[in-house]
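Novice: If you scroll down you'll find the structure; I have some questions about it.
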Amino acid sequence: MAGAAEYDVVVVGAGSTGENVAGQAVAGGLSAVVVEAERVGGDCSYWACMPSKALLRSGSAARAARRAPGLEVHGPAVTDVLAHRDQIVSHYDDTSQVQWLDSAGIDLVRGHGRLTGEREVTVTTADGEEQVLRARHAVALCTGSAALVPPLPGLAESEPWTSRDATSAREVPGRLLVVGGGVVACEMAQAWNDLGAEVTVVARSELLSSMEDVAGRLVREALTEYGVDVRTGVDVSEVRSGPDGIQVHLGDGSVVATDRVLVATGRRPRTDDLGLETVGLEPGSWLDTDDTLRVLGADGPLPWLYAVGDLNHRALLTHQGKYQARAAGDVIVARATGATVQEQRWGAHAATADSVAVPQVVFTDPEVASVGLTSAAAAREGIEVRLVDYDLASVAGSVVHAQGYQGWARLVVDPQRQVLLGATFVGQDVAELLQSATIAVVGEVPLHRLWHAVPAYPTISEVWLRLLDGLGRDTALA
Ligand SMILES: Cc1cc2nc3c(=O)[nH]c(=O)nc-3n(C[C@H](O)[C@H](O)[C@H](O)COP(=O)(O)OP(=O)(O)OC[C@H]3O[C@@H](n4cnc5c(N)ncnc54)[C@H](O)[C@@H]3O)c2cc1C
Ligand SMILES: NC(=O)c1ccc[n+]([C@@H]2O[C@H](COP(=O)([O-])OP(=O)(O)OC[C@H]3O[C@@H](n4cnc5c(N)ncnc54)[C@H](O)[C@@H]3O)[C@@H](O)[C@H]2O)c1
């Protein structure tokens with residue numbers, strides 16, 4: 001075993017989150033090392049956001065082109081799309097991300113890190129060597145999440161794809177059965193259907209059930225129109241594999257034959273082999289934190305241990321992990337240097353948006369872009385809200401944008417405070433509308449002031465004017 005190395009901050013996991021925690025700490029004058037077991041850049045770069053969006057892009061662009069008159073469109077061509085995906089994931093080579101760490105002054109130790117006590121991480125390298133890293137100020141756990149494979153009879157024997165396989169596959173399966181109805185299920189059903197697979201989706205509930213109901217319905221209708229067999233409200237009861245392929249038995253008694261099953265039933269934290277037991281925490285659990293991302297133990301926050309990104313289960317999205325990373329990196333510096341800690345709501349060191357304004361885009365066609373509270377979430381929290389909906393197809397900008405444009409928008413309004421609590425847009429190319437809604441929610445922009453944010457004509461964003469019209473001109477009174 002090599003001698004222990006000491007740093008101000010030890011980060012375990014160099015995904016998008018871990019890189020940013022380390023970067024922020026070093027920018028604040030501390031020394032930092034990151035430990036990475038696979039590739040610097042993590043899931044987002046190689047097996048999640050980037051490859052999935054690369055697989056989806058050509059199909060969406062082809063449909064958008066077909067909705068514009070006078071264009072002849074072929075494809076998408078599978079070989080070109082897969083080559084594009086490979087280029088987007090840098091051919092699974094993390095050299096450029098390692099160069100960024102170098103340029104930022106962050107050390108890298110490759111291997112599997114585990115806590116071996118307070119402020120101590122022991123790394124086991126690929127050749128079995130052990131290296132001890134000690135943190136003067138903080139250890140940040142940023143080990144992310146992995147696909148959760150439910151214990152369904154026969155499922156494991158069918159060698160199912162998880163999201164990693166679905167984003168890195170080199171061949172299109174003839175038939176693909178997707179279990180689950182969340183974001184991974186919808187995006188991957190769209191992508192592999194576009195690439196020529198015969199896709200069936202089996203979902204317990206309506207698609208995208210954590211979003212506004214209309215979003216899931218519109219995505220289901222579109223997927224069905226493109227040829228996907230979408231079965232909602234039904235469970236998988238058993239999977240049987242044989243020489244003629246895979247038979248998936250459903251709770252309603254039907255059987256679907258397929259060549260491949262994709263499991264898209266959620267995530268589990270990558271905390272099972274992280275030495276959590278050495279500091280009194282439960283291996284395999286999600287790590288609860290306070291708003292400054294310190295891990296909550298039995299007696300409150302551990303002063304030196306942070307959990308940032310997917311593994312804290314606050315909001316499993318790359319941009320939220322990066323947002324948390326900035327707060328965590330900065331607060332580690334503030335606590336190390338005795339500077340003022342701003343942990344109040346919306347303070348520099350509190351990840352307040354995680355519970356109030358999480359933006360998300362589902363890159364199906366139609367896209368779904370949402371932020372903040374849905375109507376169902378507001379009801380669950382006992383908040384009385386006012387809803388206003390608008391048919392995006394009736395906006396002049398949409399009519400010009402695509403023939404037969406279909407879409408929908410909703411604002412969730414707090415009638416007492418006259419501010420937005422949430423917004424959802426569904427339709428072609430609505431993703432870029434989302435930041436306007438995020439700013440309105442985070443900024444708690446009063447409705448009377450929103451009337452003065454005039455959307456340019458004829459853009460899709462004129463839906464903002466229509467939604468305000470729906471709320472009534474009296475909301476323009478200050
Ligand atoms: C198919 C798919 C598509 C997605 N698309 C989007 C999207 O479009 N937009 C979006 O915002 N989010 C998307 N997400 C979610 C997003 O990928 C995650 O929220 C994000 O990658 C989490 O980042 P992280 O840094 O917390 O974890 P990760 O990126 O998983 O990084 C964790 C790192 O820690 C390393 N590690 C783990 N354990 C150890 C250990 N013991 N020692 C050393 N290293 C270790 C891992 O190798 C990994 O590199 C998608 C997810 C999936 C599955
Ligand atoms: N564009 C994006 O922002 C994007 C894309 C992909 C993934 N992600 C993130 O990655 C995370 C994982 O996505 P996901 O789709 O795997 O999870 P999810 O939690 O969004 O959806 C899981 C789905 O699986 C279903 N399910 C759970 N157990 C089941 C079982 N035993 N049998 C059948 N169905 C079951 C649930 O009802 C739900 O529909 C999410 O937090 C998501 O936000 C984001």
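Each Cβ is built from the backbone N, Cα and C atoms, and glycine gets one as well.
Whatever TrEMBL says is automated annotation, not expert-curated.
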Novice: According to TrEMBL, Lys53, Thr143, Gly144, Ser145, Asp310 bind FAD; which of Gly111, Gly113, Gly180, Gly280 is also listed for that site?
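Specialist: So, going by the record in TrEMBL, that would be Gly113.
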Novice: According to TrEMBL, Gly180, Gly181, Gly182, Val183, Val184, Ala185, Cys186, Glu187 bind NAD(+); so which of Gly105, Gly251, Gly253, Gly266 is the extra one listed there?
Specialist: Gly266
Novice: In TrEMBL, Cys49 is disulphide-linked to which residue out of Cys44, Cys142?
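Specialist: Checking TrEMBL: disulfide partner of Cys49 resolves to Cys44.
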Novice: Check the Cα-Cα distances from Gly266 (NAD(+) binding site) to the recorded positions Cys44, Lys53, Gly113 and tell me which is shortest.
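Specialist: With Cα distances computed to Gly266 (NAD(+) binding site), the winner among Cys44, Lys53, Gly113 is Cys44.
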Novice: Looking only at DSSP and grouping its letters into three states, which state does Cys49 (disulfide bond) belong to?
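Specialist: Once the DSSP labels are grouped into three classes, Cys49 (disulfide bond) ends up as helix.
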Novice: Of Cys44, Cys49, Val184, Cys186, which of the recorded positions has the most Cβ neighbours inside 10 Å?
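Specialist: That would be Cys186, with the highest Cβ count within 10 Å.
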Novice: Rank aside, I only need the closest one: which of the recorded positions Cys44, Gly180, Val184 has its C-alpha nearest to that of Thr143 (FAD binding site)?
Specialist: Cys44
Novice: Across the domain 'Pyridine nucleotide-disulphide oxidoreductase dimerisation' (358-464), what is the average pLDDT of the model, as a whole number?
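Specialist: Looking only at the domain 'Pyridine nucleotide-disulphide oxidoreductase dimerisation' (358-464), pLDDT averages out to 98.
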Novice: I need the nearest neighbour of Gly144 (FAD binding site) among the recorded positions Cys44, Cys49, Gly180, Cys186, using C-alpha distances.
Specialist: Cys44
Novice: From the DSSP assignment alone, can you count helix, strand and coil residues within the domain 'Pyridine nucleotide-disulphide oxidoreductase dimerisation' (358-464)?
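Specialist: Each residue of the domain 'Pyridine nucleotide-disulphide oxidoreductase dimerisation' (358-464) counted once, the result is 36 helix, 30 strand, 41 coil.
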